[in-house]
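J.: Right, I'll just put the structure down here and ask away after.
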Amino acid sequence: MDRRQVFSQTLALGAGAAALTACVAPQSEILTESQRRSLLSGFALNVESWYTDLPFEARFDKAAEDNFSHVEFWFVDSWDRKASDLAKLARDAGVKVAQIVGDSPALANPDSRAEFIDNCKRAVENARILDTKIVTLTGHQNVEGLSKSESLKAYAAHMAAVAPIFEDAKIFAAIEPFNPYDHPGHFIYGSADAVEIVNTLQSPFVKLNWDLFHMQRHEGELIGNLKRHADTICYVQIADTPDRGQPGTGDVNYVNVLKQVRSGGYSGPIGLELWAKDKNFDQAIADVLSMQAQMTDLT
């Protein structure tokens, strides 16, 4: 059993199991609650994909219990709740909301402008209530009869139209590219087209949600693209490929990749939009802790 496995298993078992593993694990690999909280402070747990065995409203408290300081979720109305209800859940649990998702119609269609503007105004208001600065936007599903170039042109025009809404609120509109394997039927995959839109608009509040799961699935070259396009990023999410599990369950060396994320200037929470392998949430947390501990030279 290698050091990472021992460390990961120790973390999964918790402090109560420290004595059982002390004979095989160096003392530095047994973390206190304070160390766990510190290591997890740079991450936002996605309460939609985590703790799926619990009622939604209980997941905020569970995130805090497991030493997370930030959470993220998708659409405010996914659970038939108001933003104020979700804000209270977060506040009562003692966690902050890092990111939400705004409702986007098919933005390849020029006729969706009015609906999109209304949706963005509502998303900004929800973000204010939730005290978050990131609203992720997609809306790049294909529309029959429109070419990719026509779709991209319309998409950029929609983003230009809503940019002042986000600029006035000082809240980021975060365009999220997808990948064609998990999300067929879209026209923004990977970094190239999304980066071009952001660079063309030159709005300080229209940037990218750089979901490294999608980037790896579509194009790879994670570290190189992070170096080239760091100035376009306002939010980062992670999951391992190809199954969207926690780091360490797939292809990506997230220790090296996240070192580049941080050295490139991104200092915000990193969204854990992932599905814990075998629904073993304790092990998923242990793997995140192991990854972050390696980044900070605790192992």
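For all residues, glycine too, the Cβ spot is worked out from N, Cα and C.
The structure displayed is predicted, hence computed values, not measured ones.
According to TrEMBL, the feature active site, proton donor/acceptor maps to E176, E273. What TrEMBL records for 60-285 is domain 'Xylose isomerase-like TIM barrel'.
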J.: Looking at Cβ-Cβ distances, which residues of the chain lie under 8 angstroms from E176 (active site, proton donor/acceptor) while being 6 or more apart from it?
T.: T136, L137, T138, L208, N209, D211, H214
J.: For a quick check of packing: other C-beta atoms within 10 Å of the C-beta of E273 (active site, proton donor/acceptor), how many?
T.: 25
